[in-house]
Amino acid sequence: MANRTFIAHSPLGEELEFRSLEGNEQISRLFEYRVRLISQNSSIAARSLLGKDMSIEIDLTTETAGSGKRFLSGQVTQFSYIGKDGDHFAYEALLRPWLWHATRRSDFKIFQFKKVPDIIKEVLGPYGFTIDDRLVGSYRAWDYMVQYGETDFNFISRLLEAEGGYFFFEHSMGSHKLVLADDIGSHGPLPNGPATISYYPGNRAANIHSVDFIDDWRFAEDIASGHFASDDYDFEKPKALLETRQQQPAGHPEDSRELYDWPGGYTDAGDGENYARVRIEQQKAQREVAQGEGNARNIAPGYLFTFSKYPRADQNKEYLIESAYYRFEENVRRSDGAGGSGAAKRAGIDSPTTYRISFSVIPKSVPYRSQRTTPKPHTTGPQTAVITGPAGEEIYTDKYGRVKVQFHWDRYGKNDENSSCWIRVSQTWAGANYGSMHIPRIGQEVIVDFLNGDPDYPIITGRVYNAMQMPPWDLPANKTQSGIKTRSSLGGAGGAGMKNGAGDANALRFEDKKGEEQLWLHAQKDQLTEVEHDEDKWVGNDRRKVIDRDEFNTIHRDRTEIVDRNEKINVHGWRTEEVDLDETITIHGNRTEVVDKNETLTVHKSRTRTVDHNEDVTVRKSRTKTVLKNETDEIKKKWDITVGQMRMEKVGLLSTFNVGLVHSENVGLLHSSIVGGKRIEVSGVDKTEVVNGPRTTTVKSDTVTVEETQKITAKKIEITASQEILLTCGSSSIRLNKDLIRILSDLVRINC
C-alpha cells in the first residue's frame, strides 16, 4: 500500500480501495468526482456512506520536487454497486461538495438592508460548514432582496455573479473549505508541489516520468464587447442621471461593440459605476483563455502557477487556474507488488497507474470574474398579499403613500412593519400634487405585480375582497349598487354608517336599480364643498334638508331666491336679520304677520310707509309711541279715534291741532288732557263742546276772553270760590268774599 499513488479514505477504512477517479472542478461551480472503488465485500450498504466525507489522497512525489500530498475531498452523494472487477466487487461513489446540498433546498425569503456577503453567510450558515471570506471589495447594502423560489445554491451564485464575486474550494484530509473571493490577492500558489510547471512537447514527455509537466497548450483570444453601459430610474429622484459607462477595448477592429443593460439594478450612480466595471471585467475575462493538459497532479482551480519553457515567450507567465478535469487510475496489484493472474489481466487490474489532468487558465493580470450564467427568477404574473404595519395602527404609510405587505409565501415575516420593503401603490390618477389617493389599510388584501417581472421590485396594482374583508354592501342582493365607502380610523366601528346608525364611515354610493335610482353621499362628520366659479343645482321633484344644529350661510355678493308658489319658514327659537344697506320687500298679494309676544322695530333714520288702501291697526293691550322730535299726521279725509276707556296725551312743549273743517271727539267715559306748560286752543269759526254728563275743569289760573258775546244757558249755575269772587263790567263791580259782598257802581238797582 506504500507504493500507491491514490488512496481512498472513507468511513469504511481499508474495506474500500481506490480504483479510478474521473471528474471536474471549476471556480464558482460545484465539483463532481466519480470514484470507482473495489472491495472484497459484496454487501456494502449505501447508507453507510451517503452524506459522509470521503477523501482521495494523491501522492505528489517526483524526483525533482520531492515528496508531497494533496487531497480531493467531498461528500458521498451517490453510492452504487456496479458489478465485478476481477476478483473484487466494484462500487462507484459520486463525490460532491457540501455546497451541493444547497441545490436540494429552495426557499422564498426576504432580505432587507443587508450586503451580499452577509446574505450569503445567512443562507449557508444553517449548513454548518466553514466559509473562508476573502472578499475585499466594497458591497452596497440592499434595501430589499428576495430569494424567489430558488435553490440556496442558485441564489448565492447569482448574487456573486452580479456583484463580481466568486467561490472555489480548498481541499484537505477529510474536509473541503468554501472560499469567497473577488480579487486575485485571494489566490495563492499551488500547494505541495512546484509553483512553476514547464512545457514539454508530447514526443519528449512520453519519456519523462520524474517531473510534473504540461505537454499540450492551446490558447485563444476572442472578440468580446469592449464597451458597457447601463441605466436605471429612481422614482425618488426622477430626473437623476444614472447612466454609467465603462470601456476596455482590446485594441483590434470590432472591439467597440457595446452591451447596454437596463434596468441596471441601482439607484446610486456610484453603485452603477461599480457594476459597469464588473460587467466589463466579465467580458475581458473571456477574451484570453488558455487550455492545457499534462501530468501535474497538483493542478487545482483557484490557485496560481507559472508556466515556463513554452516556445512563445508571451505565454510564459503566471496564470490563475479556472478549471481542471481529472482522470486518475490506480493499478492496485502493481502498487501492492503482486503479479496479476490471467483473469485479472483480462479485467484490467494489471494495467499501469495513470493520471492525466486537463485544465483552463486565464492570465493573472486579467481580473477574474465569473460569468452571469445563473438566471434571476421572474414572476409569472401578479399575486396577492396582505397589508401589514405596526401593532395598534390601522393605516401605515410614508410620504409617497407606499405600504408594506406580508406575502402569502413568506414563512419568516411577522406581519408587521418589517415584513417587506415600502411598496408603491398604483392609483387611478397621479400628478404633481393632484390625482387620487386610496391608501390600502392593514389587513386588506392587495394585488401585487412586479416591475419587469423582478421579485425585488413589487408594485401594488389593485385590491380584492376576501372572506374576512367583505364588500361594503351585501351581494348579490345589492348588485345594482356601486360606489366608495371608507372607515373611520383609528377604531372606526363597523356598520352601514347611515345617519345615526351603527358604523363610522364616509360613503358615496350609486343605486342603479330601475325606478329606484339614487346617489347617496354620507359624511361621517364634516362635509366641505368648494366651487371656485358657478354651481348649478336642479331638483326635478322635492328637496328636503334637515340640519340638526346650526346653519351659517355667507354670500359675498348678491342673492336671488325665487319661489314660484308658496314658501313657509318656521323658526322655533329667535331670529335675527341684518341688512347693511337697503331692503325692499314687495308682496303682490296679501301679507299676514303674527307676533305671539313682543315686537320691537328700530329705524335709525327716516321711515316711509305707504298703504294704497285701508290700514287697520289693532293693539289688544297697551300701546306707547315716542317721537323724540317732530311728528306730522296728515289725513286727507276722515280720522276716527275711539278710546274704549282712557286716553292720555302729554305734550312737553307745544301741541298744535289744526282741523280744516270739522273736529269731533266722542269720549264714552273720561277724556283727560294734561298740559305741562301753556295750552292754546284756537277755533277758526264755532266750537261746540257737548258733555253728556258732568264736566269738571280744574286750572290754577284761568283767563277767558270773549271778543263778542258769551252765552251760558243752564238750569242751574253754581259758582264757588274759596276766597273771593269778582264780577267787573266797566267801572262797576261786585266783590264777594267769605265776610262781605261789596257792590261798586255809579248806580245800583236792587229789585226785591
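Residue 1 is the first one shown; counting continues down the chain.
Backbone N, Cα and C define each Cβ position, glycine as well.
Any TrEMBL annotation is an automated prediction that lacks curation.
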Task: Listed range which TrEMBL flags as region 'Disordered', given the options 331-351, 478-498, 583-603 - done: 478-498
TODO: Could you check which of 368-387, 608-627, 688-707 is flagged in TrEMBL as region 'Disordered'?
DONE: 368-387
Open item on the list: Given a Cβ distance threshold of under 8 angstroms, which distant residues of the chain, six or more beyond its ends, lie next to the compositional bias 'Polar residues' (478-489)?
Closed with: 394-395, 441, 472, 497, 504-513, 520, 524
Task: Long-range environment of the compositional bias 'Polar residues' (368-386) - Cβ separation under 8 angstroms, sequence gap at least 6 - done: 27-28, 148-150, 154, 157-158, 160-162, 164-166, 184, 278, 281-282, 285-286, 320, 322, 362, 405-408, 415, 420, 443-450, 452-455, 461-462, 464
- [ ] Please work out the helix, strand and coil residue numbers for the compositional bias 'Polar residues' (368-386) from the DSSP assignment.
- [x] 0 helix, 4 strand, 15 coil
